[in-house]
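Q: From Swiss-Prot, for reference:
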| type | residues | note |
| --- | --- | --- |
| ACT_SITE | His46 | active site |
| BINDING | Tyr49, Lys88, Asp520, Gly557 | ATP binding site |
| BINDING | Glu90, Asn558 | Mg(2+) 1 binding site |
| BINDING | Ser91, His92, Asn93, His94, Arg113, Gln237, Glu309, Ser310, Gln311, Ser560 | substrate binding site |
| ACT_SITE | His92 | active site, proton acceptor |
| BINDING | Asp114, Asp265 | Mg(2+) 2 binding site |
Amino acid sequence: MTSASAPPDLKAHGLSPEEYRQIQQQLGRDPNPTELAMFGVMWSEHCCYKNSRPLLKHFPTTGERVVVGPGENAGVVDLGDGDWLAFKIESHNHPSAVEPFQGAATGVGGILRDIFTLGARPIALLNSLRFGPLTDPRNRRLMARVVEGIAHYGNCVGVPTVGGEVAVDPCYSGNPLVNVMALGLLETPAVVKSAARGVGNPILYVGATTGRDGIRGASFASAELKEDAQQDRPAVQVGDPFLGKCLIEACLEAFATVAVVAAQDMGAAGITCSTAEMAAKGGVGIRFDLDRVPARESGMAAWEYLLSESQERMLLVVQKGREAEVMEIFHRWGLQASVAGEVIAEPLVEIWHQGSCVVRVPARALAEDTPVYVRPLLPEPPEYVQAAWQWDPSTLPPCDRQGIHLPQKTLAWEQVLLQLLASPTLASKAWIYRQYDHQVQNNTVLWPGQGDAAVIRIRSQKFGVGEVPPLQAARKAIAATLDGNGRWVYLDPYEGAKAAVAEAARNLSCVGADPLAITDNLNFGSPENPVVYWQLALACRGIAEACRALGTPVTGGNVSLYNEKGSQAIYPTPVIGMVGLIPDLKFICGQGWQQEGDLVYLLGSQAVTSLGGSEYLAAIYNKVTGRPAPVDLELEKRVQGACRHGIRQGWVRSAHDCSEGGLAVALAEACLSGGRGASVSLAPGSLPWDQALFGEGSSRILVSVDPAQRSPWEAYLESQLPGQWQLLGQVGGPADPLVLTTAEGDPLLSVSLAALQGAYYSAFAD
């Protein structure tokens, strides 16, 4: 093993001169080229979170249901009755920008490995997607290929894609966001951890062969996208969902033998990351021989083996003497399996290639003792925020109950509503989710578009061919959702991030679930930009506060920085993945009206709304300005609690979050989902008409209630939400329009279901 003799090209490794000096200090010498390549990927933002780690430590991470928190491959929560749920979110933003099909597909494959590596069988997938305007053919192609990639991997591997969200904004042009969340139920007696243990225990390489695909993928994901980003296509991994399915089954079968001491999937930074993290977490070392790694290409150098991110690969630490037993399982599933290393006492990562030791570095130097940057925080909001907060809604064209009076015409409220429903962010995503298999495994209770959150039956998937456990054995269910609003966070990072957590919990409450915990994906620009770092820091504060208030600890997540191209950064976009528990499947709710004559109520207050950052401002006036409404977390808890109680008492027949698009859009969505009209009167108040109809805010839920239950329902509301609920009207029939009037009965808008459908299903039409 020799040291580098010439000055290294630090830029190629994504390292600064100061970081190189830290490496020299930790090693007591210069790293050789192979070691330097390993440090380059392990010290990248994608792997070590050097800019975000100080901010993440403020998140609440413990709770009575938390079994596994941050630090493992995924978080785990206790659902009771011996059921444990693993869940996690990951991003594949940069790869999807340059190779959308494979970038998105391998994002699905990677998050599934995080789940089953713990010993959990994957039961559901969700995704959160952001694209630039679909009028641009490139953005439309990106979207189509991303959706195709997600559908391909999920459908082939046999895991249903049950929900998610899609937003469209110019800031995501050329820099799409592809965040994927997976859920799984534990099948092993205990969680399979990733810390290597037992000196002398063999290390098994299992799964697919290793090639040159995905080399330096972690470094690629830790830098800004270049204008000529297509040259980075070799950094994008290539997945095989059929092989991935075999890997799921082989791993779960191997874990059931209890011969596996530790497991780690090979994702970002491949063999480098897996060996370093397993050794560092266990306080031991790993000796690894690259000559024993099954390769799909000849002539690969040591650094290529180490940095390859070929998919569907795992490292296992196995009890000594039981390696043959475990390898036989993988061979039977048609997978590679070989003894490629062993656990050693000295806490080093020692890599051998062609009979020589090519790497010998402390495991902690690669995985734990990495750079950390605590950057100064702006003393006050940046200029763009201060300017936005000065915006006055009175500068908009005048409006009355007829509509908006523009210089050349009056835009009726019916036209405004239809224009909003046709905007890609609010429009139906049926064209997208129709491509996903959301029924495979036969546990999806609420399909995409039916409710504010996905609902998945809790039923063991451990059965033989031709054997299916009875449905009546499943009483409980899991609810899951993904939520984020980049515009709100751009205009107010602290309140916008709080609102994302609150909306996720609200969506779970709307289907009848108790919110349990979250996983978060922080999508931001370059932290080296003081404005972006300020956005990131305040968003983390907002998430932490909301999670504490709502009792939803953070069990893990992902940070994706440097989401920018040239001088154009995306909006700061934290995406919250939240899971909840439904104690009894008899008491769940969809978002659509159920019965003609049901009473329509609004829980919460219209006074908590704002036009700042609204879809109304963006779609009608092409403005992104103002200040989003602050989140009253105490009111949020009471509104959600009232909704859940009403569902479990059998009073509430439908429930729908009132957020993006405001009250008028929420009413239209309930009509569309239920196939029925409604007649509604706005409560008396002093709000301008545009804010009353389309203002956005938190802590509001639209529900429909059995009229026979009006008395106990309203008595309960008055005790729990005094003065903060309104009876708006009643549900109509399939032939009735959506009618909104003033409190005095004067007409505001009347739109037929056919017109609503024509607008709502137009944005993503085939």
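Cβ from N, Cα, C; glycine included.
A description of the local structural setting of each listed feature is requested, covering burial, neighbours and distances.
A: Under the three-state DSSP scheme, His46 (active site) falls in the helix class.
Around Tyr49 (ATP binding site), the same-chain residues six or more apart in sequence whose CB sits under 8 Å from its CB are Leu56, Val559, listed in sequence order.
Taking Cβ-Cβ distances under 8 Å and a sequence separation of 6 or more, the neighbours of Asn558 (Mg(2+) 1 binding site) in its chain are Lys88, Ile89, Glu90, Ser91, Asn179, Asp520, Asn521, Leu522.
Close to Gln311 (substrate binding site) in the fold, though at least 6 residues off in sequence, lie Thr106, Gly109, Gly110, Ala208, Asp213, Gly214, Gln237, Val238, Gly239, Asp240, Gly244, each with a CB less than 8 Å from its CB.
Under the DSSP three-state reduction, His92 (active site, proton acceptor) is assigned to coil, being neither helix nor strand. A sphere of 10 angstroms centred on the C-beta of His92 (active site, proton acceptor) encloses 32 other C-beta atoms.
Every protein chain considered, the tally of other Cβ atoms within 10 Å of the Cβ of Asp265 (Mg(2+) 2 binding site) stands at 26.
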Q: Just report the maximum Cα pair distance in Å for the recorded substrate binders Ser91, His92, Asn93, His94, Arg113, Gln237, Glu309, Ser310, Gln311, Ser560, no decimals.
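A: Binding-site diameter by Cα atoms for substrate: 21 Å.
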Q: Given the recorded positions His46, His92, Asp265, Gly557, tell me which ones have a C-alpha lying within 10 Å of the C-alpha of Arg113 (substrate binding site).
A: Asp265
Q: If you measure C-alpha to C-alpha, which of His46, His92, Glu309, Gly557 (recorded positions) come within 10 angstroms of Asp114 (Mg(2+) 2 binding site)?
A: none
Q: Can you figure out which of His46, His92, Asp265, Gly557 (the recorded positions) comes closest in space to Glu309 (substrate binding site), comparing Cα atoms?
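A: Result for Glu309 (substrate binding site): the nearest of the recorded positions is Asp265.
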Q: With H, G and I counted as helix, E and B as strand and the rest as coil, say where DSSP puts Asp520 (ATP binding site).
A: strand
